[in-house]
Amino acid sequence: MAIERTLSIVKPDAVSKNHIGEIFARFEKAGLKIVATKMKHLSQADAEGFYAEHKERGFFGDLVAFMTSGPVVVSVLEGENAVLAHREILGATNPKEAAPGTIRADFAVSIDENAAHGSDSVASAEREIAYFFADNEICPRTR
C-alpha cells in the first residue's frame, strides 16, 4: 500500500458548529496523520483560485460565497492510501446519500454545506496541498 498525502478542508459550517476536534479524531482513528494544519478565512481570490476548475458551473458563485463566509481549517493528512481513506471517512458529497457514521452524514446539512472537502485523486491532492502549504510547512511524522 502506498503512503500518500491528501488535502482536507473543514468547511465554514462545521467550523462554526465546533466540529473540528471530532472530525480530526475520526481522521486519526482511521490511521491518517495530520502533518500540517492551519485555520484561515479564505478571501474571494483564495476560494476562486482553489475552485477554479468549477468556474463555468452554475454553483461556482454560491460555492465561493459559502467558502468565504467564515473560517476553514485546511490540513494535510498522510497515510496509506490517504486519498481514498479520507474520502471514505467523509462520505458521499450529498449528505443525504452519505453512509451513517461518515462525517457528512453526521455533520453536514446539505450538499452545499457539506462539512468538509477532500482531494479526489493523488494528482489533485498534490495540486491542492501546494495551493495552501509550502513544503517547509509540512511536518512528516516519524513517531
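Quick reminder: no glycine exception, Cβ is built from N, Cα and C everywhere.
For reference, Swiss-Prot has these:
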BINDING   K11, F59, R87, T93, R104, N114  ATP binding site
ACT_SITE  H117  active site, pros-phosphohistidine intermediate
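Annotated features taken from Swiss-Prot, shown on the structure.
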residue	record	DSSP (3 states)
K11	ATP binding site	coil
F59	ATP binding site	coil
R87	ATP binding site	helix
T93	ATP binding site	coil
R104	ATP binding site	helix
N114	ATP binding site	coil
Highest CB neighbour count within 10 A among the binding-site residues T93, N114?
N114
Sequence gap of 6 or more, C-beta under 8 Å: which same-chain residues meet both conditions with respect to R104 (ATP binding site)?
L90, G91, A92, T93, N94, P95, A98, N114, A115, A116
Span of the recorded ATP site, as the biggest CA-CA distance among K11, F59, R87, T93, R104, N114 in Å, is 21
The residue listed as 'active site, pros-phosphohistidine intermediate' and F59 (ATP binding site), distance between Cα atoms, whole Å:
15
Cβ atoms within 10 Å, counted per site: which of K11, H117 has the most, among these recorded positions?
K11
Between the C-alpha atoms of R87 (ATP binding site) and H117 (active site, pros-phosphohistidine intermediate), the distance in angstrom, to the nearest integer, is 9
